């Protein structure tokens, strides 16, 4: 065991993912999830030394109680593990324009995260609680907390990619522009792709599809992001689990004026009731859609819309590749595991020189990486993401 482990925290609005990782080799010594915050069934699950555990946190418990449990119950039973923690890495969804890379957390960084709350109203406040509680739980590491921003990797986008065609003053005065998300995943996967393709990162031109309950796609030219599908918030872009992705903005006025829906109701509809859930009217679970694609109209409808949108984005981003596309990469829970999504998308991309291989596609699932195209094809690769490792490595590097 290394003497410099990193505690990685990912505080969501109603959950907290945590892990203790050796940044040198990626080995996980502890991983877990606390969920159902502020509800009677608030609970925590964790895995340590190969064994799985679960406990109730108490009715109404939230981030504070979860971190208290991690420090005073889980780690109290394993002091030798706790003693090895040398830094704490925090996933931060939105850093606005201020943060182009990971940073050690100080008062100025805290203020920057607060300033970006309007762009991530559910996540950024939770991150701030996580930082505060981590400093309380590990007072000796108060100056060893590091923020890793989902938006940072996309800060290389040129103006023509991040500006909306709105009055320019809205950008200058209020920061209304496209920021993107999942940047840590896009960064990690593109670097892994460079190794797989045996190319220097600074010469790498790829399109990365991060497909999970949230989904985004990025165009990476010479190792840097030049465009991405998520916008001011993670609502723009692809069809997602419960998010609509791109829609005609006038639909919002129609829902308000003609159907009498309030702004709050429309927000809930677009973020929590749309996407795959809206299209199936049953579930946002891609596994249901894949299992029932051939037999149920709702599953076929959802899958077809999802893949149509994704293939369209890949086609659009191929125009940004400056004449050379090295590969397309699939990652995230759906990207890594849904052979059907990849098959449907690849079949639409034959014009770009992709030749789909059925057997390879079925083999590259459940944590396995690999090509899903023939030997003569332009490569399409499955590469499992590891955002926690990036966070751990950045935290270790910045606090060394």
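Counting starts with 1 at the first residue shown.
Placement of Cβ uses the backbone N, Cα and C atoms for every residue, glycine included.
Features of the protein shown, as given by Swiss-Prot:
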ACT_SITE  150  active site, proton donor/acceptor
BINDING   10, 387  Mg(2+) binding site
BINDING   91  substrate binding site
SITE      182  site 'Transition state stabilizer'
SITE      243  site 'Transition state stabilizer'
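Across the structure, residue 10 (Mg(2+) binding site) and residue 182 (site 'Transition state stabilizer') place their CA atoms 13 angstrom apart. With the fewest other Cβ atoms inside 10 Å of its Cβ, the least crowded of the recorded positions 91, 182, 243 in this structure is 91. Nearest by CA distance to residue 182 (site 'Transition state stabilizer'), out of the recorded positions 91, 150, 387, is 150. A straight line from the CA of residue 243 (site 'Transition state stabilizer') to the CA of residue 387 (Mg(2+) binding site) spans 22 Å.
Counting only the Cα atoms, the space from residue 150 (active site, proton donor/acceptor) to residue 387 (Mg(2+) binding site) is about 10 angstrom. Using a 10 Å radius centred on the Cβ of residue 10 (Mg(2+) binding site) and all shown protein chains, the other Cβ atoms total 23. Packing around residue 387 (Mg(2+) binding site) is summarised by its Cβ count: 24 other Cβ atoms lie within 10 angstroms of its Cβ, all protein chains included. Between the CA atoms of residue 91 (substrate binding site) and residue 387 (Mg(2+) binding site) there is a gap of 9 Å, rounded to the nearest whole number. A sphere of 10 angstroms centred on the C-beta of the residue listed as 'active site, proton donor/acceptor' encloses 26 other C-beta atoms.
According to its DSSP assignment, residue 387 (Mg(2+) binding site) is helical.
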